[in-house]
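Q: The structure is given below, and queries will be raised subsequently.
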Amino acid sequence: MNYLENRKYVIQAIFLVVGIVFACRLFYIQVIDSSYKQAAETNAIKTIIQYPFRGLIYDRNGKLLVQNTPVYDLMVVPKEARNIDTLKLCKLVGLPLEDVRERLKKARTYSYVKPSIFYQKLSTQEFAHIQDNLIDFPGFYINARTARGYPHQSLAHALGYIAEISPKQLEDSTYSGYRSGDYIGKSGIELEYEKYLMGKRGVKYKMVNVRGIEKGAFKEGAYDTLSVAGQNLVSTIDLDLQAYGEYLMNGAKGSVVAIEPETGEVLAYISSPFYDPNLFTGKEYGKNYMELLNEPNKTMFNRPIMASSNPPGSIFKLAQALIALQDGIITPNTGYPCNQSLIKCSHAHAAPTNLSIAIQTSCNPYFYQVFRAMLNRGKSKNTFKDTALGLTDWRDQVTSFGFGTKLGIDLPNEKQGIIASTAMYDRIYGPNRWKFSTIYSLSIGQGELGVTPLQMANFMATIANRGYYITPHIIRSIGEHGEPLPEYQERHYTTVASKHFEPVVDGMAAVVASGTGRNANLSKLGIEVCGKTGTAENPQGKDHAVFVAFAPKVNPKIAIAVYVENAGFGAQSAAPIAGLMIEKYLTDSVSRKPMEKWVLSREYLNID
Amino acid sequence: MAVEQTIPKYKVATRSSRRNSNKVLQNLDWVTILLYFTLVALGWMNIYAAVYSPDNVVNIFSFDINSGKQLVWISASVVLIIILLVVDYKVYEHLAYPIYGGVILLLLVTLVIAKPIAGSRSWLDLGGGIRLQPAELAKFATALAVSKFLSNVNLRQQNLKDQMVLAAITLLPPAIIILQNETGSALVFAAFVLAFFREGMSPLILIIGGTAAAIFILTLLVPKLYLIIAITALMGAAVWLDYRLMRRIKTMVALLLLVIAMIFSVDYFVNDILQPHQQNRIKALINPEADPLGFGWNVTQSKIAIGSGGLLGKGFLDGTQTKFDFVPEQSTDFIFCTIGEEHGWIGSTVLIALFMLLLIRIVSIAERQKSVFGRTYGYCVASIIFFHFLINVGMTIGLAPVVGIPLPFFSYGGSSLWSFTILLYILLAIDANRSLDLSR
């Protein structure tokens, strides 16, 4: 039987093998594999995000443009709401019985023990009424949160909107601080200044049991952080002017951009048709967005910075004049005949015996001849090469006005526009296959030119400043008493010396005083407005009306560009709108009521 | 000699036998007792940790919580220990069959009169809120009966009739327990195989049993075809390496066919014989992630709790998974999770080491018994404790199916603690008197 005694070793070996296997297995799941630790955290530690208040946005006079409005949601925890009087609940919330049952069922499907929204966005009256009666409905409670609110319905395109972060953004490491369900700026100022507006989220770690019930702070709150409210922004927008401009543009398509020349501050930013920004804050956000997106008038199209393919028309003659003066091609007293055999002139007018008259009368042959002299200076005997050299030089000067480049406004999706270049024509026609006669329409602002309304307004600000502009911007400072933003202090000088501006300004004053811009004349109020009308040719339909202006002539306070689509001559629609807005801004009132009435009648849209 | 024979067979230690009881105290195995109380004390603290709730702290001694109640059971165990040691050790051998018979009767009575609790008819209500699970008593009773039977000098191991009787003694209690719907407790009786092996059972049975279990699990894990190819290749390799096996080629082929038949019967067994909840336990063992909120919940949560403990653990009472009810049955069957989470790998390994020490100590106690009865009983004790340890710890770390059996000396529960206390201290009583056996 002795051999049996050795079996004790076998048995002890079995014991030990099991013990060692267990210890190894434990070493693997406890020390090597870290996935269980993460699983334990997601299990028992609930992270409660404390959302900071998003920064507010004020206009230049301290009027609130964007605020946070409290929103009340009626919540339900199905488990606790088992024995409620459904009929009574119907009466309380004013919903039919089937709807209430459907909502309760939806909540139960989501989770029996976790709260879900029963009824979103109660009105203040509903909130008060329901709050008083909730005592009869265990399992129901009201959850207060904040949503964006707009006390005025203005400036939707510039303000932009916020919405839940998209799954695509969540994958992007730029947004690593965000979680699913967070709100984020999607366009406009809300997007551009997201990092200031969003503030800093606070986090609280709570221990929860298997049913999700809180069981106290994790590690006595050692890892908790407080939320920090977002920073408020002060906009450069003058809400009164903005609202008045929207009032005038309502029903028309187009843009108005007004800039304070001295500072580059955008005073008004209108993209018409516009919409009520409150449409994007409620539960109907998705539906409203899609409706606006698919609307034939392209409401969502942010015209002032995105409508970049339209030629500037006659207002471009001002740039031609300035560059010609700088290059010594003309002097203020240079005259050219109004030779209609070269290019047609829109109307009969006095002979352009000097530059001022040429601007006042917007004489096409005059600027045709100026442009020809600029391009063909005999630098090369080959007329093709000569034109190419002239165009390159000309283009450098045009772009110094901010044309053909992104100005750098603090709004997303700005377009740069188009300014004709030798490369472009070489591509179209082939090198040495084009000359002045091919591209002469540039001389009067038609052809291969695309200018955004913002660039037009900036052009006016440049002339108002006699030679420089400051990057237009829509936010003046971060914080209500913050310093002006440093990136908007620098003066961008054009290639044209300051002294050459005066004759052009005189011509612009004459345009308004006795030329095509008479509808913007404010001389009765003692305000000398300098402006220029334009008509942008539109191959798709009726031409677009353009009027650019600044005022007063001396020490200008406002530069403005008005662009009305399919409204024909700038004189009829765009000039009155500009005049009314200049008066509104400078005098804070409108005296020319018949003019206002004319604009609001929209009759200009029917004039051929 | 005649005088000696008139000495009463069962004597209670009295003043006249103080000399003997002193000797009993001297001969008591204090190492085992120390291990026993260490495990019981650690168990008690972990039961407190398992039911501890940071937002509602209750004193460890409070009778409102399991730790307070466990202290009562522990105190009662001390009384039980004294009684077990004071009673004449010969009682256990001489009354082995009556005790066994009594427990069988109790099991049957329980089966008839017990009210079902969670589907199981195994609890006997003693009144006053005290309940007894006779299935727990069946372990030591069966161990006694088996030891008694094997110590019979007339026993012949090769005798089929004797083998049948032994099998009957071992299988009758689990049969009744299965009828009570306590399959987990019934499985424990498989542990006796180890004791039988020590007493001369052919190792083939162990090997065949082990191989069958391995094939069963492999069938669930590996596609059948691969498994069959692998086993065939393995057998072919064996024949190729040892040509003498060629002479037994018929046996080999028969064996192979048997294995293949078994592989194909596993599906039938799992899907048609096992009850749905038992099927789920098998599935949870193989792949708990398939349904982490359903049948995989226990295993998944248990592994998360243990795995989150790391090397050193989160600290006493600082666990989050075992508090907050993520792990079910925390103070009873899943008590090991509390150790794993709060005391980490070091704590878990210390506990495993304690059990290893205890088991090896019991084996050495068994080996030093002069009587076959004592030795067999010792092995039965070791086997039962080992089986509990194997399944209980194994299920919490995903190495064994979830079977509701407690961790000896550790889990909360009076019936369980008492039954293990009785099991162990009968052995210690026999062991303390082993020198007296010499004189017999």
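Even glycines carry a Cβ here, placed using N, Cα and C.
Pasting the feature list from TrEMBL:
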TRANSMEM  B:28-51  transmembrane segment
TRANSMEM  B:71-87  transmembrane segment
TRANSMEM  B:99-118  transmembrane segment
TRANSMEM  B:164-197  transmembrane segment
TRANSMEM  B:204-221  transmembrane segment
TRANSMEM  B:227-245  transmembrane segment
TRANSMEM  B:252-270  transmembrane segment
TRANSMEM  B:345-364  transmembrane segment
TRANSMEM  B:376-403  transmembrane segment
TRANSMEM  B:409-430  transmembrane segment
Q: Would the transmembrane segment (B:71-87) and the transmembrane segment (B:409-430) count as touching if the test is at least 3 Cβ pairs under 8 Å, pairs 6 or more apart?
A: yes
Q: For the transmembrane segment (B:99-118), could you work out the same-chain residues 6 or more beyond its ends whose Cβ comes under 8 Å from its Cβ atoms?
A: 92, 124-125, 134-135, 137-138, 141-142, 144-145, 169, 172-173, 176-177, 179-181
Q: Is the transmembrane segment (B:376-403) in contact with the transmembrane segment (B:252-270), using three or more Cβ pairs under 8 angstroms as the rule and ignoring pairs under 6 apart in sequence?
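A: Result for the transmembrane segment (B:252-270) with the transmembrane segment (B:376-403) is no.
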Q: Which residues of the chain, 6 or more past the ends of the transmembrane segment (B:227-245), have a CB below 8 A from one of its CBs?
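A: Sequence-distant neighbours of the transmembrane segment (B:227-245): 215, 218-219, 252, 255-256, 259-260, 263.
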Q: Which sequence-distant residues neighbour the transmembrane segment (B:376-403)? Criterion: at least 6 residues beyond either end, Cβ under 8 Å.
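A: Same-chain contacts beyond the ends: 92, 139, 142-144, 146-147, 150-151, 183-184, 187-188, 190-195, 198-199, 281-282, 284-285, 288, 298-299, 302-303, 306, 333-334, 336-337, 340, 352, 355, 358-359, 362-363, 365-367, 369, 411, 420, 423-424, 426-427, 430-431.
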Q: At a C-beta cut-off of under 8 Å, are there same-chain residues at least 6 beyond the transmembrane segment (B:345-364) that contact it? List them, or none.
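A: Counting only partners 6 or more residues beyond its ends, the transmembrane segment (B:345-364) has Cβ contacts under 8 Å with 29, 31-32, 35-36, 38-39, 42, 306, 309-313, 336, 339, 378-379, 381-382, 385-386, 389, 393, 410, 424, 427.
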Q: State the non-local partners of the transmembrane segment (B:204-221) in its own chain: residues 6+ outside its ends, Cβ under 8 Å from one of its Cβ atoms.
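A: Same-chain residues near the transmembrane segment (B:204-221) but 6 or more away: 193, 196-197, 227, 231, 259, 262-263, 266-267, 270, 282, 286.
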